[in-house]
């Protein structure tokens, strides 16, 4: 048997590493740079900052999606000045109109006429007419002063020093005027009482002796008071800011008794001490009642309260009767000025936002209807109502 042929021996060759040529080096560097460029482009795509305009739904400037992402605008707080310049006497007199100057001069006539009427006789009715003429003159000055200061900014504008304006000083002036009315009215009530005590037992003698001569001499003074008060009542067109402080009422308070006395003296009827005391007491009682009512109401305003407690209680009860209101936490109603009222209400309710809006409107209507102003001429004052609603 023949043996299988032997396979020839395989020769192993060695592999030599050659240095890269210039072409091979360029190709390898280009490959590495392309890899680095691709990595850089990927990192840029990952780290890119997208703008809101690039997002979907933000292509339009007035899109609704802007309203959900934009923060609210920064609003500046309301700036209130510390105070406004207060006018001086020179500035006040410089803006007076010819009508206001005429009113001031007429007030001086009232003061001179009051002195003349007081010195024309010793009857109590002459003293009453003299006091009423003084009241008319003072009221004319107050009205002119009020109309003049209303032309300045400090009178009505709000500032840190005067939150309700300088017009709140008007309350102090009117309160002082009411004190003057009380003083004069009580003084007039004292005079007839003293005369009655002095004339006790000899009334007939006093009527025929000296009182008749005094009344005969006083007919000219009565006519002076009648002309002044009648002219003021006819031509007075001042702004009425309060029913109880109407200047026409005080002009009529002098005009009515003066006209009655003038008619009686013109007919020839003698006016004795009894009739004089009746006229004096009627004028005095009227002045005291009006002065006390004004002083009481203004004292409540100066104490930052509301003068009508019945209306406040009625308003509170109507708010509590609403079934949608769970609890009335607090209710503060006050009037700092004639034409300004403030109400601060705090309530607790259950319900949605629509129900809260309707409750707020209903409470505002209740306050405006039930709680009326003591002062004014039928015009509702300006209400500043704040309603704090707490949801349970």
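Indices start at 1 and increase along the chain as displayed.
Backbone N, Cα and C define each Cβ position, glycine as well.
From a predicted model like this one, the values you see are computed outputs, not experimental measurements.
Record note: among 192-213, 214-235, 324-345, 214-235 is the stretch given as transmembrane segment by TrEMBL. TrEMBL lists transmembrane segment for one of the ranges 66-83, 84-101, 102-119, namely 102-119. With a cut-off of 8 Å on Cβ pairs spaced 6 or more residues apart, the transmembrane segment (247-267) and the transmembrane segment (125-145) reach 3 or more such pairs and are scored as touching.
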